[in-house]
Amino acid sequence: MASDAFMQTACPADAAEQLEAEHAEWAQLGCGAVPPPPAAASRPSRAAVAAYVGEVVDRMRAQSRADERVYVKCGQLVHLRVRARSVPLDDWLTSAELALVSEVAEPVRANRAFVEVSLRYFELTEYATLRALGLQSALKYEEMYLAKLEGGAIESMGQFFVRIAATAATWTMREPAFGRALVGEGATWCAVFNAYLTALYRQLVVPATPIMLFAGRARGSLASCYLLNPQVSSSTEAVEAITTEVARILLNRGGIGISFQSFDRAVSRDCKRGIMGALKLLDSMAMAINSDSERPTGICVYLEPWHCDVRAVLNMRGLLARDESTRCDNLFSCLWVPDLLFDRYLAHLEGREGVVWTLFDDRASHLSRLHGPAFTAEYERLEREGLGVETVPVQDLAFLIVRSIVMTGSPFVMFKDACNRHYHMDTAGDALTGSNLCTEIVQRASPDAHGVCNLASVNLPRCVREGEGGALAFDFAALSTAAATAAIFVNAMMLGGQYPTEKAARGVARHRSLGIGFQGLHTLLLELGMDMLSPAARRLNVEIAERLLLAVMATSATLCEYGCAPFEDFARSKFARGLMPFDGYEGVVLSLPRAWARLREKVARHGLYNAQFVALMPTVSSSQVTEGSEGFSPVFTNMFSKVTMSGELLRPNLPLMRALRKHFTREASRLGAVRALDREQWSVAAALGDLAPGHPLAKFKTAFEYDQERLIDLCADRAPFVDQSQSMSLFVTEPMDGKVPASQIMNLLVYAYKKGLKTGLYYCKIRKATNNGVFTGGDLVCSGCHL
């Protein structure tokens, strides 16, 4: 059907009627400027309704700055536009553009009556909550996640959830233990489908972006993160790895972390450009593949800081690039830092003179396989024997690292020894070599098998219930149920997923690594009336992480109890010796010691189906559909503003806006507070003055207003219960002179190192002193682990 023909057909009657009802509600908000919609009695066309919604949203969304109700109403209108463009279930099932695979379409047809009842229930009940989330949520669904069909049609919200739930249910039924663990004995497709559907449309479980885009469809990979360690040592080997493995993963929209540490030949007659020639090819490939994609992905190159080309990599982006032949603006880098570098930097800070750092070439390649005391001993032996290619004062290298971070947004920083120390396998003599694009996945990658992680997150603000006296309280039972559901859901997606390369499929089969995280921590705390750094918030932060790990690990053990084989290396893992992830940390106090004791016994008897469990990823995209804060980070502004081709897009911090309305009972006072906030870049403290700690508005701080060391403390507090890692970003405000002191960033990295974290820095977000702009040295947009 031609696009014009479909859009000129009559809009569904219920959408046109709802549009008239919405117009009456606009009037109640005092928005007399909203034009009347096409009359429902005239059966307006889909195109007319879509055009009307676009006109009203464009006209009214600027008022979201002062009235959160307008923001919500604009979102509800966008959902009506989605309804106007939707098609019946039969057309959806047979859409060539959607391309549902038969394994998913056939169970939906076979259980059509149940599916239709489920859809109807969603539309009559839960959809109202989802429609009321806000404009950003509605636009993100419409523009990115809802599949585009023929003739300008789009899948409905209900069909979107059905597609994902049906895919998960179909593959769950292929493994009896999955269904039994999810819904009990005698699991049926309908029961499993309903469990997933409910968790999805209530936004308790939020899948990763690849799953939302490609679940049930004949294209795309469902995995989020790929870790590669091709162990290349020449340009020829690098080109082969890039054009085979890397290209195929990028074409499937996977985010990549790739270790090039083994390519450590110094510039010579035989190797004229060192590693940079290979990185330039990688950069060009990333640009070419992303250039025609609405959903770009990315690549992060991992190196250890003793690599002979580390200076070149630190200078490959932005203003630091010497010329176009070395510019790699489409790549990110991450330093895989051994403890020795920070120990030497600390010695320099303590006054020791002449502390140096030595760079090595391929004569020291074996250092990448060592960590801890073994690395230190061998590194210092190589120094004594004079095998280094360059020696630099350690403070000079630290300055180069921080300068690159501030000016280009890269490198990220991860701590090699912490990652190896807390890994579930013994890595002595065979150390881990890198992480993924977003620094939260810690897995082994080898020349014959990639590390692969499949992700989902639990939406913490949905785990809230009314307690005694109507006060809100966190529902730990809801968290545990959501985490267990997410674990089985991701396992099902792994079972049914298609992988871009054989090495990726081999890595999945070998490790079955889960990456279950959470999002909306800051939003949750605000709803519960807590400042993010209050003692109560710190306790809740740890208990959430503990319950999440417990639920996911217990589910994995249950799968083995019900007949699944443990992951391939279980017998050689620390788990087989009775150890848990938190046992590698000192001073851990468990809130549920008996539950953990029972789990230890269960693991000893049955094993674990998965090798890894929890990873706290950035949730940039999915936090937009839930209208919550990203991952575990505080909001970085109380009024997000982005200028696009279609105008300014605003996203207010809804808990703050509602608190303002509740606190300022007179409309004039509320609007005065809003104007003051607008003048002060939406800083509550700057606009309203110093508020008492118990004041209902005092807790609405942004990430830039928090002490960054205290935010690092929150990460360290929950680290024992995060067996992979956390994408920890830092938020720094530029001084009035426009110069961020290098020592400020380096001191935060040292603090993270001393706290024993695995990820020392993902992004360093810098707020300009003169305006509310945020500079990150380059915007990474990833459809993989960014969720």
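For all residues, glycine too, the Cβ spot is worked out from N, Cα and C.
If you look up Swiss-Prot, you'll see Asn436, Glu440 marked as active site, proton acceptor, on the strength of sequence analysis. Feature annotation from Swiss-Prot assigns active site, cysteine radical intermediate to Cys438. Among the features that Swiss-Prot reports, substrate binding site is placed at Thr209, Ser224, Cys225, Gly255, Asn436, Leu437, Cys438, Thr439, Glu440, Pro618, Thr619, Val620, Ser621, Ser622, with the record citing sequence analysis. The disulfide bond annotation in Swiss-Prot covers Cys225-Cys453. The site 'Important for hydrogen atom transfer' annotation in Swiss-Prot covers Cys225, Cys453. For Tyr762, Tyr763, the entry in Swiss-Prot reads site 'Important for electron transfer', with the evidence type sequence analysis. Per Swiss-Prot, the feature site 'Interacts with thioredoxin/glutaredoxin' maps to Cys782, Cys785; the stated evidence is sequence analysis.
Overlay of Swiss-Prot annotations on the structure.
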residue	record	CB count, 10 Å
Thr209	substrate binding site	26
Cys225	substrate binding site	31
Asn436	active site, proton acceptor	35
Cys438	active site, cysteine radical intermediate	32
Glu440	active site, proton acceptor	29
Cys453	disulfide bond	30
Thr619	substrate binding site	30
Ser621	substrate binding site	21
Tyr762	site 'Important for electron transfer'	26
Tyr763	site 'Important for electron transfer'	25
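Following the DSSP three-state reduction, the secondary structure of Cys453 (disulfide bond) is strand.
Across the fold, the C-alpha of Cys225 (substrate binding site) and the C-alpha of Cys453 (disulfide bond) stand 5 Å from each other. Using Asn436 (active site, proton acceptor) as the reference Cα, a 10 A cut-off selects Cys453 from the recorded positions Thr209, Cys453, Thr619, Ser621, Tyr762, Tyr763.
Each residue contributes its Cα atom, and for Glu440 (active site, proton acceptor) and Thr619 (substrate binding site) those atoms are 12 Å apart. The recorded positions recorded for this entry are Thr209, Thr619, Ser621, Tyr762, Tyr763, and the Cα of Tyr762 lies nearest to that of Cys438 (active site, cysteine radical intermediate).
Counting in whole angstrom, Thr209 (substrate binding site) lies 20 from Tyr762 (site 'Important for electron transfer') by their C-alpha atoms. Annotated pair Ser621 (substrate binding site) and Tyr762 (site 'Important for electron transfer'), C-alpha to C-alpha distance, rounded: 17 Å. Separation of the C-alpha atoms of Tyr763 (site 'Important for electron transfer') and Thr619 (substrate binding site): 14 Å, rounded to the nearest whole number.
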